[in-house]
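Colleague: The following block contains the structure, expressed as structure tokens.
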Amino acid sequence: MANEGDQLTPEQYEYFLKHSSDDRGPSLIVCSSVTSALCTAFLLLRLLGRRMTHHRWYVHISDWFLIVAWVLFLGAAVSLGLSTRYGDGRHIIFVTNRRMLQIFSIVMEATYSGSMAFLKLSILALYGSIFPNRRFHYWIWAMGIFIVSWALMSAIGGICQCIPIESFWNESISGHCIQYGYLQLIATLCNIITDFIILLMPIPLVRRLHTSKENKRLLHFSFAMGGSACIVSIIRLVYSLQVGSLDGSWTAMPAAYLSEAEICVGFLVVSMPIYRPIYHKIVHGTTHSKKSDPSTGPGYQVKIGSNNTASRLVQISHNRTFNSVTPGISVTEDIELVRHAQRDGTWVRVSDENNNDDRLYEPSFFLESGRDSV
């Protein structure tokens, strides 16, 4: 949005009059409505995935961060929608209430920054629950501090574009305004850099995970989706300089669309790992990737490994019948590899009663078994 001291040239004024029908307000309302609905759906599916995994309603700290991000995003979307009542989405000469437009713009900038920050904190909290590596946790804390600092810088910069704030919309008050477009450029660059760092942080640890190929494919797909969110951020960078322009009520709209799309994609990316039970319920008819056969009984277990390290057991079911064409020894691949670890002098199975893979993204999984893998 233009500062109060800016003046339109006769050519600009004539151009705006000729384009009086230009209005991006309806498309902004549609974008806000669609992205809000999608973010709500992504969040509800995430909570449903937790419910299917734990067989009860369970909210992890990463979920709480995402809930806060969702509330803040709704605030940003509502602010954008209401701003169209006062001329947002049209050329600057058609703004009907500059004060209300600037107030909604300030609210949008602050809530957008907060929502994006809590999205990133949600990812970091998920990383912290998956990977117990202490050095990695130091990186998580460092990134968390930087993200909070970035969000505060963006929010305070948006609120204090002009000092005093009233001078932003009241021409009778003398004040000083910053070049907000450049601040947006710096904030967007920091946003992109943190996106790439967060995306690349766990890759060395993920490559060392001992998990199924299906889980690794899911992880790789999640990283690919994270890359798509980075692409949206890069595209938004192109439009960030238009935010503080003379005709900001019109030229800033593409950046607003992309801001909402960026957060919407972020909600999907941070929630995808939690959708695993839903995926298996749809594809396999069960919340687990492998069905356990209750008819196999306890069977026999052969321990392979030393006494002071985690071992693997080969479990052979005793009441499973195999049809052999010829008498003699039957060779079968019907075995189950079970991971065990020593706890207080006794061997304990490191899994729940169903399947390790289904707990891959649960906070306790790697705290129990991942120390030998990560």
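Backbone N, Cα and C atoms are what each Cβ position is placed from, and that goes for glycine too.
In case it helps, TrEMBL gives these features for our protein:
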- 27-49: transmembrane segment (TRANSMEM)
- 45-280: domain 'Rhodopsin' (DOMAIN)
- 61-83: transmembrane segment (TRANSMEM)
- 103-126: transmembrane segment (TRANSMEM)
- 138-159: transmembrane segment (TRANSMEM)
- 179-206: transmembrane segment (TRANSMEM)
- 218-239: transmembrane segment (TRANSMEM)
- 251-275: transmembrane segment (TRANSMEM)
Colleague: Out of 61-83, 103-126, 138-159, 251-275, which stretch has the largest tally of CB pairs under 8 angstroms to the transmembrane segment (27-49)?
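Modeller: Looking at each of 61-83, 103-126, 138-159, 251-275 in turn, the most contacts to the transmembrane segment (27-49) are made by 251-275.
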Colleague: Looking at the domain 'Rhodopsin' (45-280) alone, can you tell me the average pLDDT?
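Modeller: Reported value for the domain 'Rhodopsin' (45-280) is a mean pLDDT of 85.
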Colleague: Apart from its near flanks, which chain residues at least 6 from the ends of the transmembrane segment (138-159) lie with a Cβ under 8 angstroms of it?
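Modeller: Distal contacts: 105-106, 109-110, 112-114, 116-117, 120-121, 124, 127-128, 165, 178, 180, 183, 187, 190-191, 194, 197-198, 201.
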